[in-house]
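Please read through the structure below; I'll follow up with questions.
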Amino acid sequence: MRLALMLTLAFLFQVKTSSVPKWQASDDEYPSALELSEDGLSLMEPAIVPEPKDGSRWWYTPSRRAHVHSAKAKSRLMQKMMSNKVNEDLRLPGDVLPSIYSIRLLPFIEEGNFTTDGHIDIFVDCIRDTNSISMNAADITFKSLSITVLDLTTNSPLAIVDFVDEQVTREIVTIKTATPLTAGNRYKISMDFTSILNDELRGFYRSSYMENGVKKWLAVTQMEAPDARRAFPCFDEPNMKANFSITLGRKTTMKTASNMNILSTNPIDGMPGYVWDYYATSVTMSSYLVAFLVSEFEAVPTSTTHRVPFRLWVKPQSAHLAGYSLSVGPELQEFFERYFKIDYPLPKQDLAAIPDFAAGAMENWGLVTYRESALLIDVPRESRGRRQSVADINAHELAHQWFGNLVTTDWWNTIWLNEGFATYLEFPSMDAVEPDFRFTDQFVVIELHYVFGVDALETSRPINLPVTTNDEINNMFDAISYDKGSCIIRMAADFIGLETFTRGLTRYLNARAYKNAVEDDLWLALQQQSDEEGVSLPATVKEIMDTWTLQMGFPLINVTRDYNTGGAVVSQERFLLRKDPGSTDTHVYRWWVPLTYTNGGSLVRQIQWLSKDQASRTISNLGATDKWVIFNYDQQNLYRVAYDTENYRLIAEQLMVDHTRFLDNNRAQLLDDTFVLASVHLVPYKSALDLSLYLKYEKEYVPWNAVLSELNYIDSMLYNQPQFSQWTVHLTNLVTPYYNHHGFQESTLDAHLTVFGRSDAMSWACKLMVPDCVDNSKAKYAQQMASPDNTTILSPNQKSIILRTGVENGGQTEWDFAFNQYKSKYDTSYLIAATKSRDTSRLNTLLERMIDSQSGIRLSEVNTLFNNVASNPVGNPVATDFLVNRWTDIEQSWLGTNYFINFFRYVCNRQNTQAQLDRLLQLRTDHSDILGNSKTVQQGIDVVVENIKWMELHQEEIGNWLSVSVPTTTTTTTTPSPPVPAGSPSVYQTSAILILVFCFLGLFIMH
């Protein structure tokens, strides 16, 4: 995604955010880690790297998508205890393995008694003679006299001599028997227990919602990873699969759902008003896929008939929002059946919208659970981005029914086999079900460019990484597993051939169905399919792909042409955004690299390979020496490319003459690669800026979207500098034709990417004060002020831009309207708009209200407010002054000391002078008790240091280019000077680097 700012991001963000698509928001709005607003706007919560709990490595972790699929509301005390067990074996011994669970649960979903009475029979096979049966359990109370072990071969019980409870330290309990279990025999373990319906959004937990003023309770599960042990004792490892026979008790006023279909319902003896629901025995699956729901929800069926019945469980007042998911869900599932040529094996598919759900969604087999905002949508009233997000999440979860459920990773170190494939498969499935989305066309800006930032840090990790503790397991649900996983899968599909690759996936699924898999199982299936179909590769699939999964990072490919011979020297090295001079990493990073390329003469895709043993090689016959050459054809591969100066010149000339000679993805690649390489001082900025001149002819969404944050970073660095006026002219000359092409007015006939492109164009055109954009936005804002309760005036695709522009170009009345709308409607888009004022006194007022608990600002949006003020070019000094001068007032307010680290981090991104750095260092010294040992604070300091370095190296360079290449005036727009005093006009109030960080890091929602 956005990477020109990456030199300042080389230290950044372990963001536990939702994966809300970046297209939902303009550049200066941020995604929330918690929710979507009613109008589908993506809202901001802090993208701050949490402090490591146990001295572990500073992983650049969670994916934008991981948030959707894995609930991580862990008990901090328990996690600390578990983290300290790094050197202790937390794995089960595997002496006995489960085959069938018979589980009976009666949850009491009542205030004052949130418990579950449970009984379980586990049928196990003894693999090795043993006197100990170890299984997982957490927060469970056992009735010791009920514990029995029966030898099913002899039908005789085994005497139990001890029960070792290590739930607190290891989440393991062990039954010790007087005589050993015998290998080859089967046994039944039985016990009664009580578990807690916790409020931690994990295991079997309680949730609530309001209906007609009455609080309604429900109980639901989130078992990944690994929390089935909190609902019932079990062998809670993914490779210990079994069949599950579930019986759920409930009040007659409630309903239940689970993985399978209900066989019968009978009253519970001695408990009037309660019944048992008996479920069919499940297919063989891992414990983390078991799911229950006990609620007063309504089960809404599809309006069409399908081989597998679909229902959506939802609270009754939200049933009208179920239609879209019920429409696309069955189509997506049926696409996967055709794609894999393997039928979905369960008798039904349920989707459930849960009010309190820490993940975005979870792929439980036959009962997929979602956060409400990830599943429910009022299509006519919400943005195209929200619609795409809901469809995308459904695609991801339903892809898991094959990759993850049918075939499951053997252990969490290869969770990418689940998550990487589910992410990759979103794209072909969405193309089939919602072709207007052109979702595959968006892959490079949704996935690939994002991964280029994540994996270019020395603190990255290999895709396949050994893990043991729960913290280590949870950290695997990150950008590397989801997003890099999808990128290497896409690359393999390209060099093997898409059709052969797809048939290889079917081979793999059939070979490992209802079992577990490791990477080598996948490589074997792809190798066998490639061999059958005569695909020629320079090494085995395993040899090639091991270089991408067993070491971190990705290569920079340097192409230096020889214009005398027509060939080129091509070399590889690991690409890093920032190299630590004190690094102790001595590993030699080399990959098997598919060098796909074409030239300006033939446009035919060709392929050569760099081997893992080659630092460089020579490629001959690249084409005419007066024609351009590009590598990474269609940007299908996970590497960046740098060229010699002459080739950049030839590419720039071609772009100006006819940019369509390059594929859309390659135009996006050229812009993204070159600006990023310039930002880290590997190519001259002249090469990147020369390429950017063609943008005045570019009309496609993907190339524009790929470069906007790079432009935004430069913009934030040059703000208030002598070069800024010419830079603004340059941007205006590029953006105005793009805006004019899309126009302000929406049409119901607009293509999907036209809507996205218009949002990008409007965001920049209004910031650059393009009159048509500003005037139309102000007019719409005035209409909204005249009819504040009319929700049809502002298009959800344009709302955030219009609100921002209305406040930015308005006075006190417009600002008051925005803040009062926020207070009355709790619509955070209005609060964000209020932070975009150019008047410093209004921004100060907003910060004063932030520390007043009676002002109407919600505690959950304090970070949103401060971050957006700090990201406003006028607001950054205001926010910094407030943090420095009002520290005591903040501390004594309702905020306490909880926000200081985040606030410090937020103000850093725009700062780029030694004086600003000195002030921040002094602030850290003055409050060392809070700021002194924080790695988050150090990250902020490092960003400012890098910004200063960037200014020293590139400010004058870019200024010289502007003076030669850009006219000093433009006749199409008004370009005001940057503001200084309160109330004075500003060019724009973009959110600058941190906004880019969020575009880069946090804007998607998926598991």
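Just so you know, glycine gets a Cβ as well, placed from its N, Cα and C.
All annotation found in TrEMBL is predicted automatically rather than curated by experts.
Annotation comment: TrEMBL describes 1-19 as signal peptide. Annotated domain 'Aminopeptidase N-like N-terminal' per TrEMBL: 98-289, in sequence order. Sequence annotations record features per position, and here TrEMBL assigns domain 'Peptidase M1 membrane alanine aminopeptidase' to 324-548. What TrEMBL records for H396, H400, E419 is Zn(2+) binding site. Annotation comment: TrEMBL describes Y482 as site 'Transition state stabilizer'. Feature annotation from TrEMBL assigns domain 'ERAP1-like C-terminal' to 628-944. Sequence annotations record features per position, and here TrEMBL assigns transmembrane segment to 987-1006.
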Within 10 Å of the Cβ of Y482 (site 'Transition state stabilizer'), how many other Cβ atoms can you find? Include all protein chains, please.
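Other Cβ atoms within 10 Å of Y482 (site 'Transition state stabilizer'): 34.
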Measuring Cα to Cα, how far is Y482 (site 'Transition state stabilizer') from E419 (Zn(2+) binding site) in Å?
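Cα-Cα distance, Y482 (site 'Transition state stabilizer') to E419 (Zn(2+) binding site): 5 Å.
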Taking only the residues in the domain 'Aminopeptidase N-like N-terminal' (98-289), give me the average pLDDT of this model.
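Here the mean pLDDT over the domain 'Aminopeptidase N-like N-terminal' (98-289) amounts to 97.
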Give the residue from the binding-site residues H396, H400 that has the most other Cβ atoms within 10 Å of its Cβ, counting over every protein chain displayed.
H396
